[in-house]
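Reviewing the structure listed below.
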Amino acid sequence: MSLRALAAQTIRQVVNDGKSLAELMPLAQQKFDDSRDKALLKEIVYGVLRHYRRLSALRDQLLSQKLKEPNGALGCLLVVGLYQLFYTRVPGHAAVAATVDGVDDINEPRARGLVNAILRRAQREGESRLSKIDRNWELLHSHPDWFIEALKQQDKSSVLAILEANNHPAPMTLRVNRRKLNRDAYLSKLNALGINATAHPEASDALTLQDPLDVNQLPGFADGEVSVQDAAAQLCADYLQLQPGLSVLDACAAPGGKTAHMLERENTLKVLALDNDATRLQRVQENLSRLQLHAELLCADAGDNKRWWNGKAFDRILLDAPCSGTGVIRRHPDIKWLRRERDIPALAATQLQLLNALWPTLADGGLLLYATCSALRAENADVVERFLAEQAHAKLLPLPGQRAGETGRVIRCGEQQMDGFYYALLQKI
């Protein structure tokens, strides 16, 4: 199957069948040996999903007759062609030819003429048509209506910045292992190899690369000197106020980045890393092994403490709760089209249930850090405020960077180059 046809098939499986890129991309990329083909496939698939509404609107305008299945293979192949014409450096003639050739691989042999005509028409008329399409905010920024409306209800002033940040690829951010060396020393190593990076202004172990790299090109990666982790996620190690010898529960630990960071900061911690997915828990162990760190790992449901808790209270708990992932759309653009408005109440109910289940396992005076990578207040402040209303012995503590009037720390996607994230620090009193 040609690269363009495979890209179209992958996109169709996301928008039509509800499958995730995490499931689809490894299988799709395996079909190519050349790393350049793998990279181009990813660029097209991710790029189309970032701009799907805008490009679909253009496709529909260029067609003289609507497709029976706009999100079917042919409809997605047309959008693949349009993406190459308006978002990539692929020469126009090459983009058209390669996309037309993809028709044979999607069982639409009679559509070669249609695809060729639509893409050539796009070369002539596309820019003018896009200028009119872009008058519609939702189409220009290619997000679902319900999500845009939710952001407007929260804070109208931040909506545009979030939508724009979501449509740009995330930078590659590193976490330097301070047990091995400090951030300045590792930055010097990078500079000596001609790798440009900058120290993050808030996350004290974070370096942001100017250009992404394969991890195997990072000096000291195999030896545990550095890991890949967004700066927003790195803040949890600061917020938990770790001290030597404390007992810590990482309640939804996979893939283990935060578990590892806590131990890098304070390797005398007694950490229990809990996750209900055995396969993902194995990734926690792999991360810890590379970094030469140790934690107790347990496969269990954090929300059912009777099955796993031995009755000994924890000094610190990190609850990185399952959520909509709407704060990390720039990394996972399929979230735009997989997540539904109706999913949010159920997620919020699960988050509150987890908070209530974990609270009895926290020692008096102990701290619980609630975290999500959601951009939605319904999963963040609303959940915490409901919890505080029900728990008389819970107190919300202020966090660095917290804005006046906000419950917890809201990090908007793109803020200081970080992912969208939320933190609330709770103390048992």
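First residue shown is number 1, and so on along the chain.
Glycine residues also receive a Cβ, built from the backbone N, Cα and C atoms like all the rest.
Sequence-distant contacts of CYS373 (active site, nucleophile), defined as residues of its own chain at least six apart whose C-beta falls under 8 angstroms from its C-beta, comprise ALA232, ALA233, CYS323, GLY325, THR326, GLY327, VAL328, ASP419, GLY420, PHE421, TYR422. Classification of CYS373 (active site, nucleophile) by DSSP places it in coil, neither helical nor stranded. Under the heading active site, nucleophile, TrEMBL lists CYS373.
For the recorded site, ALA254 (S-adenosyl-L-methionine binding site), the DSSP three-state label reads coil. Around the Cβ of ALA254 (S-adenosyl-L-methionine binding site), the number of neighbouring Cβ atoms within 10 Å comes to 23. Positions annotated as S-adenosyl-L-methionine binding site by TrEMBL: CYS252, ALA253, ALA254, PRO255, GLY256, GLY257, LYS258, ASP275, ASP301, ASP320.
According to TrEMBL, the feature domain 'SAM-dependent MTase RsmB/NOP-type' maps to 162-429.
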Of all the Cα pairs drawn from CYS252, ALA253, ALA254, PRO255, GLY256, GLY257, LYS258, ASP275, ASP301, ASP320, the residues the record ties to S-adenosyl-L-methionine, which distance is largest, in Å?
19
